[in-house]
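Q: According to Swiss-Prot, the N-acetylserine annotation covers SER2. Annotated region 'Interaction with CDT1' per Swiss-Prot: 2-768, in sequence order. What Swiss-Prot lists as region 'WD repeat beta-propeller A' is 13-356, and the listing cites similarity to another entry. Taken from Swiss-Prot, the feature region 'WD repeat beta-propeller B' covers 391-708. The region 'WD repeat beta-propeller C' annotation in Swiss-Prot covers 709-1043, and the record cites similarity to another entry as its basis. Per Swiss-Prot, the feature region 'Interaction with CDT1 and CUL4A' maps to 771-1140. For LYS1067, the entry in Swiss-Prot reads N6-acetyllysine, with the evidence type similarity to another entry. Look at Swiss-Prot and you will find LYS1121 tagged as SUMO2 cross-link, backed by similarity to another entry. Look at Swiss-Prot and you will find THR1125 tagged as phosphothreonine, backed by similarity to another entry.
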Amino acid sequence: MSYNYVVTAQKPTAVNGCVTGHFTSAEDLNLLIAKNTRLEIYVVTAEGLRPVKEVGMYGKIAVMELFRPKGESKDLLFILTAKYNACILEYKQSGESIDIITRAHGNVQDRIGRPSETGIIGIIDPECRMIGLRLYDGLFKVIPLDRDNKELKAFNIRLEELHVIDVKFLYGCQAPTICFVYQDPQGRHVKTYEVSLREKEFNKGPWKQENVEAEASMVIAVPEPFGGAIIIGQESITYHNGDKYLAIAPPIIKQSTIVCHNRVDPNGSRYLLGDMEGRLFMLLLEKEEQMDGTVTLKDLRVELLGETSIAECLTYLDNGVVFVGSRLGDSQLVKLNVDSNEQGSYVVAMETFTNLGPIVDMCVVDLERQGQGQLVTCSGAFKEGSLRIIRNGIGIHEHASIDLPGIKGLWPLRSDPGRETDDTLVLSFVGQTRVLMLNGEEVEETELMGFVDDQQTFFCGNVAHQQLIQITSASVRLVSQEPKALVSEWKEPQGKNISVASCNSSQVVVAVGRALYYLQIHPQELRQISHTEMEHEVACLDITPLGDSNGLSPLCAIGLWTDISARILKLPSFELLHKEMLGGEIIPRSILMTTFESSHYLLCALGDGALFYFGLNIETGLLSDRKKVTLGTQPTVLRTFRSLSTTNVFACSDRPTVIYSSNHKLVFSNVNLKEVNYMCPLNSDGYPDSLALANNSTLTIGTIDEIQKLHIRTVPLYESPRKICYQEVSQCFGVLSSRIEVQDSSGGTTALRPSASTQALSSSVSSSKLFSSSTAPHETSFGEEVEVHNLLIIDQHTFEVLHAHQFLQNEYALSLVSCKLGKDPNTYFIVGTAMVYPEEAEPKQGRIVVFQYSDGKLQTVAEKEVKGAVYSMVEFNGKLLASINSTVRLYEWTTEKELRTECNHYNNIMALYLKTKGDFILVGDLMRSVLLLAYKPMEGNFEEIARDFNPNWMSAVEILDDDNFLGAENAFNLFVCQKDSAATTDEERQHLQEVGLFHLGEFVNVFCHGSLVMQNLGEASTPTQGSVLFGTVNGMIGLVTSLSESWYNLLLDMQNRLNKVIKSVGKIEHSFWRSFHTERKTEPATGFIDGDLIESFLDISRPKMQEVVANLQYDDGSGMKREATADDLIKVVEELTRIH
């Protein structure tokens, strides 16, 4: 067996579909977006899109349509998944809780039938009498829409026309009527049929049209008054309704293919069209009123509006605003203007939604040397191509820094009474205090009257009645703002030194050894109210006011030396309300009361980087739900700050962390700074909404990223990136990319648009001694598109394209590696290519080119001709391993700097992927799954160890460990194969057993070892081992990690229990969704835990949690089994959430 945990680190971002309607209520205009398995529901407001709910479906959304049957006050949603689960959903809201109710559901799969090449088509009759589905060739499936039917029943009608391109229901017909484009040996034609529910068959339709344009691909049904249908082709747009036929062939649409459309007006007089190049058109239907008052179509007109992201779907919202959903680039909200701008465009982008898809390749690098990986992906395609830099955690963007060693604390001040913004920064050092004046972006040292500068400050700030306060080791000093003068001072009666202090706008608590004193701040007076003695010395304290307490805190939180406890005391009496023994020997160093998402918490940080956090009841002072995390290795200082009107906590240490709340769970996000000892929020004229941060040597002022888990930076390339690798010595990335050029009249080709490879700082072009240019069997014709491939050298800091190297005509760059070879000290970029000609079934020749980049120059060091396409290359024990068509070949690097073949392995169909570990090589084949080879250094050859005999069409492979191999195949499944070293017979040993099966529902393009999180966050009990990241076509980033058998069994038990408690949207069984499914077979999932389901445990209500844990046996590490509590599982699941 193999025990694995698979979880989403970034949900899919590519938009597959979008619809608008009135789903949440009759008044709301909603936008619904499908991102593969996720459904996002928005309300369209004057300010933009407001998210309402996100729903995870147990299936890939293939069809999504809103409709309103008679008698309904708002729209219902029909969804069909790729595994043929159909459901009708309704939105229900009661108070705060939002539910998506499944009104009806069923599976509409046929046992036999060939799935259509043009995919799944789902349509709804405008009168809501039926839903029509085209799933298989030669069959049209009908789901009658009866009011009260809970189960969706369907029947098939035979279609003589086997190859249907597109189909729609027509408007204004007595009986439901379909109109479709189909292909037969003579060409493409349009036909209509009436659907009879009673006879369950087709009747002759009102009209048909033979021999439409050969590329006709889309049907648009036009509402009344026009009725009929518009057929969209590559070169023409035609309108039919039986009586009338109108055709136009505007030259403007020929350049590219129209791929999506959307109706603007309810009466169908305007349609938006989007093409594959990201151009947006308006199709206008001009009307003509007849003598008898009827309206007929006079003319069709197409206008180019401008450019958007390459659209997968379009939907018109309101007031000239359109949502452009994209699969190949970022989605957009665009505004259509009445007048065009200087470039002649009517389109203005208002908002952009990040999409990582399609992730074609990626690599993990630790660019900031902090032990934390960043993921750099090759994302998007064509003009939407980009690199995306993804890191977990929060970035601080530095705006100013001053060399100031030894800072022990810092506070912002507003020095004058009327000021809204901070103008002063007070810095504390051992034995002294310094004051910095902020004037715009200038910073200068100054003195404040009434403040002392020869003592260390423990606290400083603005307090009530237009006063300032300074607490030093000697005294508490109250200073008036205008004029600046000391108005009151409090000292410990015996003159002892203050050791810790906390203050809010009207209260002060100071500790002198074991004694605590409570003071109140009045106009020009500090009034001592009470004092008490604790049994041990006070290590830290806090009186932050919570809730609506008018800035007064009724509670005081303290941490003590010696007994290592945290206590909540009542003010002013210092009565003990709660005592929490923290255990261990390490003293608490910082304590803080705070509120996240209207829940109150107590945070207590120890001197070794551990942090305890509790729920805090502000009425009773009681603590509950104790939890512990490890944030760093040094004493941690906790400070609050606000970002976008929410409170967050900054934990200063050698691993600075921002603590915030999401879905009422605390999230710990690391910050991209090496270490921070002290921080304070700063909001000055020159540095608005900033933070001031101090480490051992420097004071830095900066702004903080939006508080979220993953941060994504985009580097647009405007062409398609294919492969990426990182080269540390040159501090560069190598990227293979391709741009499209068009053959011009002179026989040369021109680029469609400026892009990374045409705008590099320097460039070079391949000239090869290996191939004479006359060998090209292919002549390109005028207007034909050709791909031009390049190696881009990109700076790791600025992401500037330093150099672009263009390959030969018809030469496609397929594989890339950065490595050292043999005893040669240089590091090379090595590219594998293929000469691609349309006439050849597979490439017959290619090259391996060795480049060196140094001192800003790219030099070709060596090239090697090969008889085929170099699909994959890896460095292998100082040699170069390459797969070329069906061969796996090992090259050694000679002292003459040439590649020499050492050995070959031939037993493959098409060897597309290579991964290595030690002397083992994993080969992923186009259709023959995976194969394990071992290299024998003594004999200098390959030995075939074992192979998986299942026919899996591979899309990516990875080695998990010495015995387990991970594969992804083209039906969206993951599997794990295991080497059976203990088998008794040779034959058994040669079989890789499939021990893990799982339906991911995503097409994986790339696996790589690495992690997005710091490697020591959380307690050491984290039950996972290793981390493999994967990137998919839909822009999802996931993670596979290995579990021990006992953890696997616990989580499997928990998964089964969760499936009983959590009701799936559309009533689709989790076990059905995750079962391994190809055209050949369906098998239940095994060897994988669905991490997304496990993590959803944290989002369910407490009673449901109790239901999940009832009688669950759990080993807490002592080796003894006991019944688990909800808190045990919360802790387990929170640990698991920290691996991504």
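Each Cβ is built from the backbone N, Cα and C atoms, and glycine gets one as well.
Each of these features: where is it, how hidden is it, and who are its neighbours?
A: Long-range C-beta contacts of SER2 (N-acetylserine), restricted to its own chain and to partners at least six residues apart, with a cutoff below 8 Å, comprise LEU960, ASN964, VAL976, GLN978, VAL995, GLY996, SER1042, GLY1087. Taken residue by residue with DSSP, SER2 (N-acetylserine) is part of neither helix nor strand, so it is coil.
Per-residue confidence over the region 'WD repeat beta-propeller B' (391-708) averages out at a pLDDT of 89.
Taking the Cβ of LYS1067 (N6-acetyllysine) as reference, residues of its chain lying under 8 Å away and at least six apart in sequence are, in sequence order, CYS87, THR102, HIS105.
Look at LYS1121 (SUMO2 cross-link): DSSP puts it in a strand. Its own atom aside, the Cβ of LYS1121 (SUMO2 cross-link) has 10 Cβ atoms within 10 angstroms in the protein chains shown.
The C-beta environment of THR1125 (phosphothreonine), restricted to residues of the same chain at least 6 apart in sequence and closer than 8 Å, consists of VAL1109.
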Q: Under a three-state reduction of DSSP output, how is LYS1067 (N6-acetyllysine) classified: helix, strand, or coil?
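A: In three-state terms, LYS1067 (N6-acetyllysine) counts as coil.
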